[in-house]
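What Swiss-Prot says about this protein:
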type     : residues : note
SIGNAL   : 1-21     : signal peptide
CARBOHYD : N40      : N-linked glycosylation site
CARBOHYD : N79      : N-linked glycosylation site
CARBOHYD : N247     : N-linked glycosylation site
CARBOHYD : N282     : N-linked glycosylation site
CARBOHYD : N347     : N-linked glycosylation site
ACT_SITE : E479     : active site, proton donor
CARBOHYD : N550     : N-linked glycosylation site
CARBOHYD : N608     : N-linked glycosylation site
CARBOHYD : N658     : N-linked glycosylation site
CARBOHYD : N790     : N-linked glycosylation site
CARBOHYD : N798     : N-linked glycosylation site
CARBOHYD : N830     : N-linked glycosylation site
CARBOHYD : N918     : N-linked glycosylation site
Amino acid sequence: MRHSIGLAAALLAPTLPVALGQHIRDLSSEKWTLSSRALNRTVPAQFPSQVHLDLLRAGVIGEYHGLNDFNLRWIAAANWTYTSQPIKGLLDNYGSTWLVFDGLDTFATISILWTANRIHGQSVSPVSGSMYLPALEACQRRILIRKVSFRGGVTAEVNTCYLHIEWPDDVQLTYEYPNRWFMRKEQSDFGWDWGPAFAPAGPWKPAYIVQLDKKESVYVLNTDLDIYRKNQINYLPPDQSQPWVVNASIDILGPLPAKPTMSIEVRDTHSGTILTSRTLNNVSVAGNAITGVTVLDGLNPKLWWPQSSVIRTSTMFLSLSKVEGTRPWPVWTNGRASAPFFLNQRNITEVQRAQGIAPGANWHFEVNGHEFYAKGSNLIPPDSFWTRVTEERISRLFDAVVVGNQNMLRVWSSGAYLHDYIYDLADEKGILLWSEFEFSDALYPSDDAFLENVAAEIVYNVRRVNHHPSLALWAGGNEIESLMLPRVKDAAPSSYSYYVGEYEKMYISLFLPLVYENTRSISYSPSSTTEGYLYIDLSAPVPMAERYDNTTSGSYYGDTDHYDYDTSVAFDYGSYPVGRFANEFGFHSMPSLQTWQQAVDTEDLYFNSSVVMLRNHHDPAGGLMTDNYANSATGMGEMTMGVISYYPIPSKSDHISNFSAWCHATQLFQADMYKSQIQFYRRGSGMPERQLGSLYWQLEDIWQAPSWAGIEYGGRWKVLHHVMRDIYQPVIVSPFWNYTTGSLDVYVTSDLWSPAAGTVDLTWLDLSGRPIAGNAGTPKSVPFTVGGLNSTRIYGTNVSSLGLPDTKDAVLILSLSAHGRLPNSDRTTNLTHENYATLSWPKDLKIVDPGLKLGYSSKKTTVTVEATSGVSLYTWLDYPEGVVGYFEENAFVLAPGEKKEIGFTVLDDTTNGAWVRNITVQSLWDQKVRG
C-alpha cells in the first residue's frame, strides 16, 4: 500500500475550515527583518523570500547586471537571519501548536521564543521539501520566531562531512561551486553552463503556525490520489477495458482516528454534474497515513488528453470522516480522471517486426491506450530565485508551449521540484510533464543517512503530485547512466563495477520500490537516458536489470541525447543518433539585442567583450574563478564557427548594429540545426527505429546570456521557438538534402493517429523569384497518403539529375495541403504546411534584395509583409523594447508578389501602443549587406 518515511514534509491546505479543529496563522502576514554580520545592519524582509531579493528591495544591492553574478558572491558566503516581530493573537485553548515550513533553503536553524521565555530550536540540515517542527510544549498567545538562520559558505565545508568518500579523478562535474552533490539543494544554484551560481538562501516557501484542537483535529500534510485501471502494474500496459480504481491516502498531523471513513465524489468538470459518490473500502491507519480504495465499476468519465482541443475531464473530491458516521471533512479536490501514462520499454514483438520495425525494445509513451509522438522541449528553472516566479509567469510560458505545438516538457533535474500550481497549469493546458528526481550529472553519496533523507524526499513528492494527469513519468535523475557511469569507466575502469552497484543501490533498489509503493499509474526510469531494461523482477535485490551496453547491432532500444559542437557536421544526418526517442539535443546561441540591453551596458555590447564572454558559461569555469575567458572562448568560438560556416558574416559599421546582426546569425544557425534534427527524428516514426519523440534542449532562459533556449529571459522568442512552432505542426513536408551524395528526398510526416491524405506542390524558383524552366524536371504536384504516426517518401532524385542552371541561384518551395483527423477527434481538419530547400549553404547563395515592404493595420492589429524584387529567405519580423509578445508567423520565406498578413499577440506593453511604429523586418539579405 502506501509508504511514508519519517517527517516526509508538510503540504498545507490553508483553505481547510476551522471546523477541522485547527487554527492557522500564515507567517507571510507578519513583519520580518533580515540581518547578517556581513551586512552590519538590519533591513526589512518579506516572507517567503530569499536573501538576495530582500537586499535588492532594500537597495543594498542591484540586479545582477553585468558581472554582478561574481560581485554578489559575498552573499552566499555569509550567514543570514530572518526574525519576526512578536506574533500575537494565538489561541490558548488548543491542544498543540505546530510550526510548519513548506521550504527552507537550505542549511537552517530555527529558534523560537514565547512569553514564558522558553526557547525551542531545531536544526534542519538540509530540508528537502517542507518540514514541520514538533509541537510546542505550551500554547501561548505570543510567539517570537527569534531566528530562522541560514548558514553560508558551506560548499567547501560540507566535504569534511564526507571525508570517507573518494571520487575517481576527473569524474565529478563542478560548474562553479564545488561539492554540490553532497547537498539536497537545487543543483543549478551552484552554477550550470546556461546559468549563474548565486547559491541563494532563505525561506523560499510559505510557513504557518498551526494550532490543533484538543479533541478533534486534522491537519493534512500530504495527499496521494492514485487513479489507475484495475490490476494495473507500473511497467505493463494497462487493460483499458478494466474499471477505474481510486486509491486515496492522506498523511495527517495530530491524533490518528481509530475508525475513520473516506469517501469520494466524481463530478463532470464543466457541468458540475455528480457522476458518482463512493465510500472507500479497506480503510486502514498506518504511521501517519489513512488509506482507502474503491473500484469505480460502470463509470466512464471523460478522460484527459495531452494537447486536446478541449480539455474535458472529471474532477474528484475526497473527504474524510474522523469517526464512522460523523460529518465528513473535505480535504482534497482536483483529481482529474485520466488513463495512467505508460512508458513502453517492452521488447519489439513479432507483429511489430512484420510492420518493418527493427528488433530491440520500444521506448515511447502511451496515453489512454494510444501511442503518440512526444513533441516538446526541456524545462529548466525559469529564474535564479523561485520566490519571484509567479503563476502568471508560468502560465504565459506554458501558453508559448501550447502555441508552439508542444505536448510534453521534460522537467530537468536538477532544479527544484515544481510547485503544485505548475502541475495545475499543465493539467489545464494539456501539457505532459516528464518529471525527475533532483540528481544531475554527478555521483552521489550512498551512505544510510543520505539515502534516508532522499527517500523521504522522493516519497513526499511522488505522493504530492500523483493526482495530476499531466504527470507523465518519474525518472531517477539526469544523465547518471548515460554520462556519469561512462565517465567512471573511462577514468577508473577498475572501479566501474563498484559504481554501477552504487548506482543500482540508489536509483533502482531504493527509488523504484518507493515509486511503485506510492503509485501504480506512473512508470519509472532510473535515468533520463538509458538503453532500457532487460527484465523486471520485483522480488530481486535489484528489481530492474538495466541493459547498459548489452546491445546488438541493427537493434534499437532506448532514448538518446546528443550534443555535437563540431559545426562541420551540423547538417550531416549521419551524425545524428538513431534511437527510439530523443530527449536532449541542441546548440547554444546569443539572445537578442533587446534582451542583452536588459543586463549589459552599451559599451560592452561586442560579441567578444569581457562582459559578454564572462556571462557565457559554456564551457563552464569549473570553479569560482572570475576570469573564465579560456573556457568561455570555446563556446563563443563554436557559435562563431556555426555562423561563418553557413551564413553571411555580418559586417556593420555601427558596433550595436553589428552585435545585433551577429546575435541574430547565431540564432539562425541554432534554429536550422534543431529543425534539421527534428525533421530527421520525426521522419524516424516511419523508419525501422520507430522513433516517437523529440524534446530539444531547452525551452527557456534563466537569465540574459548565451544558452540553448528558445525563449529568452523576459519572454521574447528567439528564431528557434518560431521555427519549432512550425516544424512541430501535425503534418509536415520536409526536404532532406545530402550534400555529400547529392541526393534530395522529400518526405511527409504525420503524428496524427489515422491516415492523412493530400498533395504537395513543388516549385523551383531562382532567387529573383522567376520560375525555373520545366520546374527543373521536378513534378509540380505530388499526391500522398501517410499513415498515422508515420512518414512517407513522396519524391526523390539526385541534384545532378535536376535541370538547374545554377544551384546557388535556386530554391525549392514546398507547399502541403492535406486533410485528416487530429488525435482524439472525429472531425476532419484541413492541414497545411510550407517548407523549402536550397542546394547551397545560405552564405553561398546568390541572394538579391527582396525589396521587403512592411505595413500595419491598427484596425486588424496585423502586420503585412510583401517581397517585391526577390525571394526573401529568413524573413524576420522584430519588435522594440517596451513590449513583449510574438508574431503568429516568423522566420519564413516570401516569393516576389507574395504578401503575408500576420497577427501579433501582445503579452506586455509599457509603450501605450507606440511600439507598432518601430516594428522592423529583415531577411538574409540584411545579414549580408554591409552597413
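Backbone N, Cα and C define each Cβ position, glycine as well.
Given the structure is predicted, the values throughout are model-derived calculations rather than measurements.
The two recorded residues N40 (N-linked glycosylation site) and N798 (N-linked glycosylation site) have their Cα atoms spaced 74 Å from each other.
On a Cα basis, N282 (N-linked glycosylation site) lies 67 Å away from N608 (N-linked glycosylation site).
Cα of N790 (N-linked glycosylation site) to Cα of N830 (N-linked glycosylation site): a span of 18 Å. For the pair N830 (N-linked glycosylation site) and N247 (N-linked glycosylation site), the C-alpha distance works out to 42 angstrom. Here the Cβ of N79 (N-linked glycosylation site) has 17 other Cβ atoms within 10 Å, regardless of which shown protein chain they belong to. Highest local Cβ density among the glycosylation sites N247, N347, N550, N658, N798 belongs to N247, counted as other Cβ atoms within 10 Å over all protein chains shown.
Ranking the glycosylation sites N40, N282, N790, N830 by C-beta neighbours within 10 Å puts N790 at the top.
Geometry remark: N918 (N-linked glycosylation site) versus N658 (N-linked glycosylation site), CA distance 19 Å. Note on proximity: among N79, N347, N550, the glycosylation sites of the record, the Cα nearest N658 (N-linked glycosylation site) is that of N79.
N247 (N-linked glycosylation site) falls within a strand when secondary structure is assigned with DSSP. When secondary structure is read from DSSP and collapsed to three states, N658 (N-linked glycosylation site) falls in the helix class.
Closest to N347 (N-linked glycosylation site) in space, going by CA atoms and restricting to the glycosylation sites N247, N282, N550, is N550.
The distance from the Cα of E479 (active site, proton donor) to the Cα of N798 (N-linked glycosylation site) comes to 40 Å. Here N282 (N-linked glycosylation site) is compared against the glycosylation sites N79, N247, N550, N798, and the shortest C-alpha distance is to N247.
When the glycosylation sites N79, N550, N798 are ranked by how far their Cα is from the Cα of N247 (N-linked glycosylation site), N550 comes first.
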